[in-house]
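*Asks:* Below is the structure I would like to discuss, written out as structure tokens.
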């Protein structure tokens, strides 16, 4: 691999020394950018955009043209896997993702294929290869997948949900059936992420968006257990370099110690967890990513800078911090406020490094 011109993100994940705190944003390529809206209109619909290599590459790179971000992340979706399994993913305005063929019984799970990432999901691999070439070693490229539990919530509910009644009914009344689904998804995610690594991504993130709706015991059994299996199955080195892995469970602040035992390199935090307390709890076992409330970006510059300084101060001196939001950037965020945010992270963390 060519040496990265900016490897601060990778170095921070591996808890190596950095001159500044690296920063990127979940959903950094997306609807808050006017240039994204133009490409989306050109593509027609969301999945058509995801499956068009050139347009998806353009969208992936758009935020890096605007802001001095320290990493790029593939423009894709966690539901590419169930779509490739034949569930018929579609999006409705104002309602989010839905499936034509949701999982309703054990027989539905048994007939699910495990997709070949270089066939049914080749468009994601083509995107990774194309973006790596276009980045030309400027910053690292992040690949990702949803956690098995989170993907399962959409497959069983048939779309988004607030109470997860169908999936939780399966969990309590047919746990073996749910484990069958989670095992199949785990195999699929391992193949999918390893293919992304072979295609050129330099870091992996696993999004466990809905792990936080589980009780502590069920989180360990039905979510964390499978993410642990994924980490054990991943290629952890490619092109002579380590491939760091970040786990992000939204609402998972109470389980940091258990997450740190999975073998991940970093834990993503939402804004409900104090990053200083999190660092105290996990010690030097893992790096931490986060964790500003995305809503702060609605505020004027002095408040954004104050929040950035507060989080940097709470984390304290030393490496192992990747600055991010506690969840994805909101679609109505003013783009100029993102510039204020990114610049503040770099400026204030550089000042800390100089005085540390």
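Numbering starts at 1 and runs along the chain as it is shown here.
Note: Cβ is positioned from N, Cα and C throughout, glycine not excepted.
What Swiss-Prot records for this protein is below:
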type	residues	note
BINDING	27, 28, 29, 30, 31, 77, 154, 209, 327	substrate binding site
SITE	77	site 'Transition state stabilizer'
*Asks:* Round to the nearest Å and give the CA-to-CA distance linking residue 27 (substrate binding site) with residue 77 (site 'Transition state stabilizer').
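*Replies:* The Cα atom of residue 27 (substrate binding site) is 10 Å away from the Cα atom of residue 77 (site 'Transition state stabilizer').
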*Asks:* For the substrate site as recorded (27, 28, 29, 30, 31, 77, 154, 209, 327), determine the largest distance between any two Cα atoms, in Å, rounded to the nearest integer.
*Replies:* 23
*Asks:* Pick from 27, 31, 327: which of these binding-site residues has the biggest number of other Cβ atoms within 10 Å of its Cβ?
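*Replies:* Output for this query is 327.
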*Asks:* What is the Cβ neighbour count of residue 77 (site 'Transition state stabilizer') at a 10 Å cut-off, with all protein chains included?
*Replies:* 18
*Asks:* List, in sequence order, the same-chain residues at least six positions removed whose CB sits under 8 Å from that of residue 29 (substrate binding site)?
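*Replies:* For residue 29 (substrate binding site), the qualifying residues are 36, 59, 60, 62, 63, 73, 75.
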